[in-house]
Protein chains: 4
Amino acid sequence: MFVLVNLKAYPCDPVAVATAARDVAEASGVRIAVAPQAAHLDAVAETGVETWAQHVDPIAHGSHTGHTLAEAVADAGATGTLCNHSEHRLTLADVDGALDAAERTDLETVVCANNPDQVAAAAALGPDAVAVEPPALIGGDVSVSTADPDIVEGAVAAAGAVDPEVDVYCGAGVSTGDDLAAAADLGAAGVLLASGVAKADDPRAALEDLVSGV
Amino acid sequence: MFVLVNLKAYPCDPVAVATAARDVAEASGVRIAVAPQAAHLDAVAETGVETWAQHVDPIAHGSHTGHTLAEAVADAGATGTLCNHSEHRLTLADVDGALDAAERTDLETVVCANNPDQVAAAAALGPDAVAVEPPALIGGDVSVSTADPDIVEGAVAAAGAVDPEVDVYCGAGVSTGDDLAAAADLGAAGVLLASGVAKADDPRAALEDLVSGV
Amino acid sequence: MFVLVNLKAYPCDPVAVATAARDVAEASGVRIAVAPQAAHLDAVAETGVETWAQHVDPIAHGSHTGHTLAEAVADAGATGTLCNHSEHRLTLADVDGALDAAERTDLETVVCANNPDQVAAAAALGPDAVAVEPPALIGGDVSVSTADPDIVEGAVAAAGAVDPEVDVYCGAGVSTGDDLAAAADLGAAGVLLASGVAKADDPRAALEDLVSGV
Amino acid sequence: MFVLVNLKAYPCDPVAVATAARDVAEASGVRIAVAPQAAHLDAVAETGVETWAQHVDPIAHGSHTGHTLAEAVADAGATGTLCNHSEHRLTLADVDGALDAAERTDLETVVCANNPDQVAAAAALGPDAVAVEPPALIGGDVSVSTADPDIVEGAVAAAGAVDPEVDVYCGAGVSTGDDLAAAADLGAAGVLLASGVAKADDPRAALEDLVSGV
């Protein structure tokens with residue numbers, strides 16, 4: 001299982017979470033990555049944790065003030081990027097363009113989507129992975145794997161029908177070891193989570209619980 | 001072959017083009033539809049021509065000032081709608097939502113895309129048809145079927161691999177009967193065109209030439 | 001006082017509301033306009049009511065699929081347009097461009113804004129009027145003129161400091177004759193309202209009540 | 001005069017440009033700041049140069065994946081931010097919100113605009129400065145102060161009429177000491193430039209030429 005911790009714009013200490021994630025990943029053998037604000041990529045990558053961008057724009061070098069260049073996040077230490085998160089939707093053409101930018105810079109990619117149809121569409125664009133995150137469950141207390149197991153299984157089936165090489169992750173409400181185990185049982189190869197770690201009183205303990213059942 | 005004439009925001013007389021399209025469709029037996037500005041749907045539909053919207057938003061009845069409600073365009077006489085045209089790109093989630101809105105109101109749908117990968121993605125969302133229109137060729141003098149036949153064949157193959165029920169159209173630079181014949185030879189079930197008719201000195205003659213080889 | 005009834009994408013009968021608005025305007029001498037979906041402009045204008053668009057795009061004639069051309073809404077009978085409604089925000093440059101488009105076609109303009117600072121900014125772009133509508137109150141049961149009178153007075157002062165020729169309207173929660181009178185007392189030259197009429201069981205009665213105190 | 005060097009997404013070495021800018025600022029006494037990609041803020045700030053963000057989003061701490069949090073760019077060493085650059089336009093409400101975010105974190109602000117009307121609108125929102133940059137001249141070889149001096153003088157007058165405390169900068173095509181002197185003569189308190197330094201064979205020499213006449 002792959003655990004991708006999205007720090008969003010939360011008021012956490014990104015280096016502290018990154019350090020905890022690095023330690024828990026090493027101790028457990030579970031792959032854990034942390035996706036901070038672009039301005040924190042450098043500091044997070046220096047901890048040695050696997051570091052992801054939250055977003056890259058569908059651009060190459062050029063006149064693009066205020067947009068996120070894949071080369072810049074890679075320079076700062078990112079080795080992967082989220083794309084099309086529900087809080088930063090892109091046009092279909094721009095998802096395609098962002099994947100091109102990520103491929104150009106060897107960033108691993110996860111394209112987010114709301115439901116199995118969109119997962120199939122995302123998979124057709126050739127990312128490394130897709131993630132199904134029902135918007136209604138994001139930030140909530142109930143894990144997608146409990147609240148809507150059908151959507152996870154549907155996403156796994158939909159992506160597999162388009163391209164069996166594309167991994168499927170799930171997200172929304174994931175916070176415990178049981179949630180992770182349930183996601184794995186439904187066919188997910190990983191989970192996206194955010195508030196469950198970033199807003200936890202003790203992010204290290206939250207991560208330890210999360211991977212305890214793997 | 002299906003011929004969809006997109007009037008965009010061109011300074012043509014929408015009723016005159018619609019009347020010509022209706023007459024040429026009747027005389028030739030070729031299916032021709034006209035997509036005017038939303039504010040012109042009523043007047044175009046009154047000619048009896050098959051009438052399409054250029055866009056509908058991913059909304060249902062509610063508080064959505066300035067957005068295009070599928071029910072409203074259907075009221076005004078539209079029986080189909082373009083979606084995700086290169087001049088009005090939508091997020092992946094909104095293409096999905098616009099198709100839901102169109103389905104709710106029995107509007108036929110064509111989702112536009114730039115290349116075969118995006119065509120596959122669009123097809124995964126379940127529209128009636130997809131259209132491949134390379135942005136570099138839109139509005140130009142050379143038809144996509146001449147300038148880039150591979151992209152049309154690639155689109156036909158890509159859509160077919162995802163869902164064989166989804167028709168594939170092509171567009172960009174289409175204006176003559178030869179262009180239409182070439183598109184059909186490449187496997188397209190229809191064409192999108194705009195300036196070739198809307199900006200023609202004689203739209204009726206342009207349409208007659210277009211369908212002459214079918 | 002000017003009363004602008006925004007039908008948004010509500011499931012009302014636009015011609016019935018327009019007919020009622022026309023009759024109430026004639027009987028009361030109060031200026032009332034109705035802003036329907038673009039696809040309903042024709043039908044609404046045919047009732048003889050003053051007809052407004054909900055939005056025009058910052059475009060001229062050309063390749064702009066799915067965007068709303070000022071000339072098209074004027075053709076269909078609109079004589080004014082809302083701009084930058086909170087449900088359809090535009091960039092600063094596009095507000096400027098939409099006002100240019102409206103001016104080109106002699107559409108009267110109202111630019112919406114959230115607060116006095118934004119009202120001042122909007123007034124600097126030279127519209128006929130600005131409207132202050134606090135987003136938190138839109139669609140609610142309490143009128144802006146009751147819930148937040150300071151914001152209306154602040155908007156009147158802010159617009160006046162930039163350009164005394166620009167009228168100030170207010171909106172959000174307006175539905176009764178008392179709301180209208182309160183708005184006038186605060187210096188507003190008009191009101192924007194939507195659900196109070198469009199979702200009323202009896203739109204005619206709602207309009208009659210609204211103008212009863214003028 | 002204030003010189004703000006926007007590195008956009010150009011393929012330059014941000015630390016080398018920052019080091020040169022720091023040295024030239026110290027040697028000349030001219031205030032020079034550098035605005036790199038968000039992911040490069042840390043590295044640029046470490047050189048000691050005045051460091052700016054290219055953009056911040058109108059958000060506070062919370063669920064905003066892929067958006068740029070003012071606190072994060074401030075953490076990374078930024079002390080100012082561009083806002084509403086022509087390559088990253090914001091809605092009027094979001095310019096207002098981004099200025100709130102910048103104020104919350106003590107970032108100095110420059111709001112970009114196309115013309116004097118938009119400059120007046122931007123000034124009404126209370127930034128530290130506004131910048132007029134005619135889009136047609138951005139990235140070109142002719143300085144705005146030469147090609148369109150009226151627009152600079154118009155911007156100075158427009159901002160002054162709204163709020164005399166707001167500084168006015170100009171940009172587009174600025175690259176030489178003569179351009180800077182011309183801008184100052186027209187009433188500008190600073191310049192924005194990008195390719196003239198970022199794409200120069202020798203950024204240090206370009207900066208030295210730029211400030212030579214101050």
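Heads up, the Cβ atoms here are built off N, Cα and C, so glycines get one too.
Annotated active site, electrophile per TrEMBL: B:HIS85, in sequence order. Applying an 8 A CB threshold to same-chain residues 6+ apart, the list for B:HIS85 (active site, electrophile) reads B:ASN6, B:GLN54, B:HIS55, B:CYS112, B:GLU133.
As annotated by TrEMBL, active site, proton acceptor applies to B:GLU133. Reduced to three states, the DSSP call for B:GLU133 (active site, proton acceptor) is coil.
Other Cβ atoms within 10 Å of the Cβ of B:ILE138 (substrate binding site) number 21 in total over all chains. What TrEMBL lists as substrate binding site is B:ASN6, B:LEU7, B:LYS8, B:ILE138, B:GLY173, B:ALA194, B:SER195.
Maximum C-alpha to C-alpha distance over the listed substrate-binding residues B:ASN6, B:LEU7, B:LYS8, B:ILE138, B:GLY173, B:ALA194, B:SER195 is 15 Å. Sequence-distant neighbours of B:ALA194 (substrate binding site) (same chain, 6+ residues apart, CB-CB distance under 8 A): B:VAL5, B:ASN6, B:LEU7, B:LYS8, B:TYR10, B:GLY139, B:GLY171. Contacting chain C by the Cβ rule (under 8 Å between Cβ atoms), the recorded positions B:LEU7, B:GLU133, B:GLY173 reduce to an empty set. Other Cβ atoms within 10 Å of the Cβ of B:GLY173 (substrate binding site), summed over all protein chains shown, number 26. For the binding-site residues B:ASN6, B:SER195, the largest tally of other C-beta atoms within 10 A is found at B:ASN6.
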